[in-house]
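Trainee: Here it is: the structure, laid out below.
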Amino acid sequence: MADVPRPARARLGLSRALTAPSARAVLLAAGPLLFLAGLLATPILAHLLPRPLAQTLALWLLPLGLAAVAARALRQRAADLLAIGWGALLLVFAGPLPVLATVVLAAAALVLGHALLPRRPPELRIAVGLALVAGALGWLLALPVHRAIVYWPLLLALAGWRWRLLATEARALTGGWRVAVDAAPGAATVAIATLGLLSTAAWLPTLEFDDVVYHLALPAQLQQLGAYRFDAQSQMWALAPWGGDVLHGVVQVLAGGEGRGALNALWLLLLATLGFRLVRAVGEDAAGGFAGVALIASVPTLLWLVGGMQAELPSAVLAMAIALQLAVPPGERGGCGDGGEGGEGERRRLFALAVLAGGLMTIKASNVLLALPLASWWLAVAARRLPWRWLPAGLGVLLLVGGSSYVFAWGLSGNPLLPLFNDVFPNAIAGGSGLDRRWLVGFGPDLPWRIAFETDRYVEAFPGGAGFLPVVLAGGAVAALAMRRTRALALAAIAAWVLAMLPMQYARYALPASLLLVPALVAGTRALAGGRAGMAMLGLVLVANLAFFANGSWIWRAGAVKRLLDPRDGGVVGIHRDFLPERMLGPLLQGRDDVRLLVVGPEPAIAEFGGRAFAGSRYDLELAAAITAAAEDGSAAAWSALFVEFGFTHLSLRPGLTPSLDAALPAIGGEPEAALGVIELWRLPVAPGARDLMRERDGRRALPLPAGNSDRG
């Protein structure tokens, strides 16, 4: 095989060294060989279970087949039919009201983003607008203004004010979609099928541990109380960066109930469209763009994120938005400029980047490690035209958008990063560094390979649950670093991945960086292998990811989607009963403002109760110590004293886990109120003058608020 001719080399952007046949062969073979070595050297195939695999194939292949048949019969495009079908299913399972609320929020965000980036793609403006909404509301959480009667008029007024803009954007999106699908109908169909498969995680109720003990608290309190309580004594993470939860709160207030699935579907759509544009921005065609979308959607770890409320999903979207700003020269549609000339364009670009960077900070403190390589990229791009006079204002915008949680945490606890780095910022709420030592496994050059094949050592997933992109496409990564058109993106993504994994080897924290690398991997692989061979290589890793897709989430792997689809399994109620029965308490106690619930057991699912529930977990040191003391004493008097001291009116427990508590309840006058699967709900005798823990721990009482605002609930 001869060397690649000079014109082709220039077109692909490959260096002379990488166009030599031997070098290309080695790079192309390296990834598949590493993948094969993993299959042979590790027990990963033992975790490829038939039922989860069958569920994945059914939800991926069946819609593909139906769409192909219907497209031929109706003379329509299969990608269109798949998009309509998956969208309709989301409407059914995520709920019409949450979907409507999310659409209105997205429309208002587009209007806000348009003020900064009037000529940029709509998904980029929506990302900017969402960051602005999260940043602004973060400063207002203590005020009792978070009501549907406030949110609906404000958002509808924003959308109605610029309805012509929204109509124009809708027409442009429809036209752009048609052109893209016509250019690569097969790749588009596969991409939508894979996105649809991933979107099934958005159908499920909220079940993940961190969500039911923490993330759901802020949205629930906004819905039930109209404000946030800042109760770090009951949940030491309560003052951690909250931007993602604030947006979940907006949807929940608008919809009058949980809307996690609908908002996550929006994040997923933004991630896919930004990823498509970023692939195109580094020089690939529509087929490459849709291949990038399919690869992003095939990453099994995203099942956990789309099915939950973790910060990495919105973080990946904002990081992708920043990268798109930087990947295209100023003045080009889709790039980093606003289309304006001179200082006005530079100022808009600076402020937009500041908003997106602030959005990263208001979502997660460790996103500074994701932002640093992107900031270095920006400095390299803007070195000759840096708007020095606007830098202080840009920094101010970043701090305004991203700073609310840090200010509240510092003021209320003395630690702006609570509950992390308590050894640096001593406080009365938490101690130590706050790092989870389970994930201090060790950093090394083989870490990407180990995460792929020994996933359970690096994240709460099964082997294969992180996907195989950096392994199978290792040669594409090298090529991306060698090509000028992808070098900056690849360097930024790899640097962000390394920075995320150095302190603690927890794979979820590095996922935004991994997704940011996908456009560069697509371009590098296609440049190495050529058009058809490159797409075949991308198809190989897509199949590998889909084979282990279910391993990214134990909930999805256990068949939760099947249970949701089968009415014989009881729908959402059945899923709650079988997966997390503590969630069945919510409807039972809804609207009972006098309830003060103590949850005893392995699942301290207290977040949904709006501050009326408590658990003696590692997140509440005072209550954990009190429960431990009562259990060690073991007497009915000790348990009774605990209930009286803290003013609990109800108790939830799993019988058999704490025998002394089981025996004490009838003795102290407790009355069984409900049996819900494996848990029981007891009514406790209430002593006069008992503490009201909800009022006592309301962090708003320490804030300079108007009289009465801190006593709600």
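Any Cβ shown, glycine's included, is placed from N, Cα and C.
Whatever TrEMBL says is automated annotation, not expert-curated.
A quick note: this is a predicted structure, and the numbers were derived from the prediction, not measured.
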Trainee: Pick from 52-71, 92-111: which stretch is listed in TrEMBL under transmembrane segment?
Mentor: 52-71
Trainee: Can you say which of 52-71, 179-204, 390-412, 461-481, 488-504 has the most Cβ pairs under 8 Å with the transmembrane segment (25-46)?
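Mentor: By Cβ pairs under 8 Å, 461-481 leads among 52-71, 179-204, 390-412, 461-481, 488-504.
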Trainee: Flag the pair the transmembrane segment (461-481) / the transmembrane segment (488-504) as in contact if three or more Cβ pairs fall under 8 Å (sequence separation 6 or more).
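Mentor: Yes, the transmembrane segment (461-481) and the transmembrane segment (488-504) are in contact.
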